[in-house]
Amino acid sequence: MFDQQFVPLFSRLNEVTAEEMAVRVMVSIVTALSTYLLFQAIYSGSAVVMMASGLNSVESWRPLFGSFTQCTSLRGVWNQFRHQGMVTTLTVPARYITTKVFRLPRATIIQRYAYIMVVFQLSGLVHIVGDVAAGVDIKDSGVMQWFSVQALGFAIEDSVSWLWRILTGRRDDEARTWQKGLGFIWVVACFVWTMPVWTFPISRVSEGEGILPFSLIQPFIAT
């Protein structure tokens, strides 16, 4: 089920079964949820120790993640919900590369999206180390592709927002309930489409291993 042939989706829609879609959905949910819980556990545990010892105050430990209500767009996921522990590490080099190395004019569309792409590429380079450490051959890792698609998603969202403003004449930033719901579906769909390119290679080399002592997706996989 985690074979490379199952990674593409749109090019083989006529072959995709309900079982396979269930696996893609579960893999996406479990990957996101387990990562969230692991980071929260480490962060919260560290906070308890540091505050109990008197070395830090409560104010020193801001929430690691944002609210799930912010997951109505990819921008919301990456800029508001997801932990921002590596922001400076990624954004400073990305800004230097786009404005100093490539000499792109600041505050232009080209510079903006080049900057976003470089940020995600740098993040991919950081995460590919984890893939290799997990036993994934670097040529089989799809982490760089996955992060690249996130940048593409930003551009799609901005284009849709721009078109919406043109067609409706609306300039307010407050999204309606139905727009938030549609945005959440968009985010889930993006992850279901793209997540396998990163997670399937890892799943192949770490079969039988995991953070939890049991599998959350095994019931959805035919034996």
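From the backbone N, Cα and C atoms, a Cβ is placed for every residue, glycine too.
Automated prediction, rather than curation, is the source of TrEMBL annotations.
These features come from TrEMBL:
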DOMAIN    61-147  domain 'Wax synthase'
TRANSMEM  21-43  transmembrane segment
TRANSMEM  113-134  transmembrane segment
TRANSMEM  146-164  transmembrane segment
TRANSMEM  184-203  transmembrane segment
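Beyond the ends of the transmembrane segment (113-134), by six or more residues, the same chain brings 86, 89-91, 93-95, 97-98, 102, 104, 141, 143-144, 146-148, 150-151, 154-155, 198, 201-202, 205-206 to within a C-beta distance below 8 angstroms of the stretch. Listed by sequence, the residues of this chain that lie at least six past the ends of the transmembrane segment (146-164) yet keep a Cβ under 8 A from its Cβ atoms are 73-75, 78, 113, 116-117, 119-121, 123-124, 127, 170, 186, 190, 194-195, 197-198. Long-range Cβ contacts of the transmembrane segment (184-203) within its own chain (Cβ-Cβ under 8 Å, at least 6 residues beyond either end) map to 2-4, 6-7, 9-10, 21, 24-25, 27-28, 31-32, 71-74, 76-77, 131, 134, 136, 140-143, 145-146, 149-150, 153, 157. Taken together, the residues of the domain 'Wax synthase' (61-147) have an average pLDDT of 93.
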